[in-house]
Amino acid sequence: MGACGSKGSAGNKDGKSATDRKVAWERIRQVIPREKTAEANERRIDLFKKFDKNDTGKLSYDEVYSGCIEVLKLDEFTPRVHITKRAFNKAKDKGSKLENKGSEDFVEFLEFRLMLCYLYDYFELTVMFDEIDTSGNMLLDAKEFEKAVPKLEQWGAKIEDPAEVFKELDRNGSGSVTFDEFAAWASARKLDVDGDPDNVPESA
């Protein structure tokens, strides 16, 4: 992506075009087994074993990061693979809170589905951002945001005053919204591109 040219063919700051990411996203959606089905559970068991290189029955962050690149190949979608740390931390913390057990430093199989759900959600935010960022400069301006209101509402947002909401996103008052600012806002509102009925609620 870039500031000039079509969004689909231009390059952006992280070296991935919107078209590249869309193709990669369709593949990633298929390889993250987050559904509550017997078939998905079997796939999770197999995936967990591939991540668990030390065969300890629990995953360190290094193992998760390595698995996301070597097994899931998430780096084909975006170099922002570091966001796996957010999914890892949320899953292990929530798993321990829900079950009153688990490790503070590892994700066990009990929390593995939670982690995959969070991972999916974080990467889905990149898809949303690409849809709105029509200039392709990896920043949202007020006009882009206002134009995207119908799409944002389809994803679950409730926006009565686009200008006020944009100011809320633009925390530093720069006049533009970064991916991180958008991600924080969208995550808090649980926006969803594909209407997934099985998202993990924050209060779960």
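The chain as shown is numbered from 1 upward.
Cβ coordinates are placed from backbone N, Cα and C, and glycine is handled just like the others.
On a predicted model such as this, the values are computed, not experimentally measured, just so you know.
The following features are taken from Swiss-Prot:
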type	residues	note
REGION	1-21	region 'Disordered'
DOMAIN	39-74	domain 'EF-hand 1'
BINDING	ASP52, ASN54, THR56, LYS58, GLU63	Ca(2+) 1 binding site
DOMAIN	75-110	domain 'EF-hand 2'
DOMAIN	120-155	domain 'EF-hand 3'
BINDING	ASP133, SER135, ASN137, GLU144	Ca(2+) 2 binding site
DOMAIN	157-192	domain 'EF-hand 4'
BINDING	ASP170, ASN172, SER174, SER176, GLU181	Ca(2+) 3 binding site
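Cβ neighbour counts within 10 Å, taken over all protein chains shown, single out ASP133 as the most crowded of the binding-site residues ASP52, ASP133, GLU144, ASP170, GLU181.
Shown for the domain 'EF-hand 3' (120-155): DSSP residue counts in helix, strand and coil, namely 25 helix, 1 strand, 10 coil. A sphere of 10 angstroms centred on the C-beta of THR56 (Ca(2+) 1 binding site) encloses 11 other C-beta atoms. Between the C-alpha atoms of ASN54 (Ca(2+) 1 binding site) and GLU181 (Ca(2+) 3 binding site), the distance comes to 37 Å. For ASP133 (Ca(2+) 2 binding site), the nearest of the binding-site residues LYS58, GLU63, ASN172, SER174 in terms of C-alpha separation is SER174. Around GLU63 (Ca(2+) 1 binding site), a 10 Å sphere centred on its CB holds 19 further CB atoms from the protein chains shown.
Using the Cβ center of ASP170, ASN172, SER174, SER176, GLU181 for Ca(2+) 3, the list of other same-chain residues with Cβ within 8 Å runs, in sequence order, LEU169, ARG171, GLY173, GLY175, VAL177, THR178. The secondary structure of LYS58 (Ca(2+) 1 binding site), as reduced to three states from DSSP, is extended strand. On the backbone, the CA of THR56 (Ca(2+) 1 binding site) and the CA of GLU144 (Ca(2+) 2 binding site) stand 48 Å apart.
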